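In Swiss-Prot this protein carries:
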- Cys122: active site (ACT_SITE)
- His255: active site (ACT_SITE)
- Asn285: active site (ACT_SITE)
- 256-260: region 'ACP-binding' (REGION)
Amino acid sequence: MTLYSKIIGTGSYLPPNRVTNQDLIERLALDGIETSDEWIVSRSGISARHYADADMQSSDLAVEAAKRALDMAKLAANDIDLIILATSTPDFFGGFPSTACVVQRKLGVTNGCAAVDVQAVCSGFVYALATADKFIKSGSHKNVLVIGAEVFSRIIDFKDRTTCVLFGDGSGAVVMTASEEPGVLATKLHADGSYGDILCGPGRISNGVLEGSAFMYMDGQAVFKLAIGLLDKVANEVLQLAKMDASEVDWIVPHQANIRIMQGTAKKLGLSMDKMIVTVDQHGNTSAASIPMALDVGVRDGRIKPGQNVMMEGVGGGFTWGAVLARM
């Protein structure tokens, strides 16, 4: 019998603090930094994003999304035998205990299931999903909880208008299970460390002292130019692996980085933007959380239906990129 991994539940969570472009314009003005709604929207497509309260961590957001995904899957927390959590903003500096272990505790999972974090920034959820797929297909695990959760508002520099307007906080989750019916059809992951300096968190700790910046850095133009070509290439790679044509893809659920990157990707694939789930306008760029959040939106509003083919793809710091083609 051939084993497949199949998504049987999705969930997402946005912290309640919604921040509009006007809110940011007023905040930046206090430091003498000028921007406008037109400038932000024309370059990114973003009108609003959400920020977590100071006492909320990535694990808190992750737990809410996970509960919703488990509810849709009709599974209890103790039915999960592996948790994979993608984040670049873990609960603890240094990354341990892992945020996945914190989520395990907060969900009340007591079965001793494995729990691990994955760090590939905005590609993180794709990396986590592809990893879960391999564990399930090997027969070693049956029910896997895959989460992307971020509090990027903690690491953006509000004196840099080119980046601070882009990012937001949130979480998304899926439950995957072993199935005799095709679910995940193909996955492909890549990385190229030679581009590590165009999107990074350059600071490091030495002897308890921060060296360098505590904030993220992004060369937006370099990322934009690289991203469109890489996303087109990896999308075609998974289509080839699945022996499918782009016309057979019902929906693209991309990393919600920038509307221009998404438009460029759709154009290269010869697909209409009508086939793309877009949430960047209201969520901003939520890094590893963006794909599962957008997927959940598409599932819950009825656009993404059982049996349809969904392409999930993303690029992130490292430089990392990848794609997953799945039948819902």
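Think of each number as a place in line: the chain as shown, counted from 1.
Including glycine, each Cβ sits where the backbone N, Cα and C put it.
In three-state terms derived from DSSP, Asn285 (active site) belongs to an extended strand segment. Confidence for the region 'ACP-binding' (256-260), expressed as mean pLDDT, is 95. Cα spacing between His255 (active site) and Cys122 (active site): 7 Å, rounded to the nearest whole number. Rounded to a whole value, the Cα-Cα separation of Cys122 (active site) and Asn285 (active site) is 9 Å. Taking all protein chains in view, 33 other C-beta atoms sit within 10 angstroms of the C-beta of His255 (active site).
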